[in-house]
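A quick write-up on the structure given underneath.
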Amino acid sequence: MKNAFKDALKAGRPQIGLWLGLANSYSAELLAGAGFDWLLIDGEHAPNNVQTVLTQLQAIAPYPSQPVVRPSWNDPVQIKQLLDVGAQTLLIPMVQNADEARNAVAATRYPPAGIRGVGSALARASRWNRIPEYLHLANDAMCVLVQIETREAMSNLASILDVDGIDGVFIGPADLSADMGFAGNPQHPEVQAAIENAIVQIRAAGKAPGILMANEALAKRYLELGALFVAVGVDTTLLARGAEALAARFGVEKKLSGASGVY
């Protein structure tokens, strides 16, 4: 068994990604052909469940883009279900300390290395027990990315990085900026300093730093600092802004207004 995304991170090859929030296999397949290295299927803030994640994994599978799945929480039951339908790389949200990071890793490993329940006869991941030695190969194919997005998590970063089985650490700029008192403004100098310091620290520890940043200049800055998996846009934002721009070119007055948002 292989995990091309995990292999790329280990080799130090920067991976450029796109966030998927439309919760739809048709749009997921459309974007899988766009050329991004990875696509994040979001189960935390988008209206996804195990079934919709499954259909998006199936839609992306024929393409070179690698799927990364974010569950709604660091929940071993939910993680087990996502792994069984074929997710190999998980982005675990709101990890605050080393114990929570260890719990995330344990949820992705079969015993005795972890607590993942054995149900391979029912699992797409094992091709319903058609992959020889799946139970003995699966642990090494798992890629665990933990998300730090508060001052508490930042203060515990060194101990999180010491946890065996953590492949990468993703900085959540929206929640981090809110926790630091700058909600909606991840470009605030204090937030940027925290992000940049974390990227350098993560890379120095031999782990892969990651982030979502739609600001092109900042995304490139993070890559220069050593970030290895950077999502540079969100499908919902691309669709909304693209549709608005097209309407505006034909003189259609925008009916709704609002904040531009973080992404």
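Quick reminder: no glycine exception, Cβ is built from N, Cα and C everywhere.
Record check, Swiss-Prot: substrate site residues include Ala174, Asp175, and the candidate from Gln88, Gln147, Gln201 also listed there is Gln147. Cα-Cα distances to Glu149 (divalent metal cation binding site) place Ala174, Asp175 within 10 Å, out of the recorded positions His45, Arg70, Asp84, Ala174, Asp175.
Listed in sequence order, the recorded positions near Arg70 (site 'Transition state stabilizer') (C-alpha within 10 Å of its C-alpha) are His45, out of His45, Asp84, Ala174, Asp175. Note: Ala174 (substrate binding site) has non-local neighbours Glu149, Gly184, Pro186, Val262, Tyr263, i.e. same-chain residues 6+ apart with C-beta under 8 A of its own C-beta.
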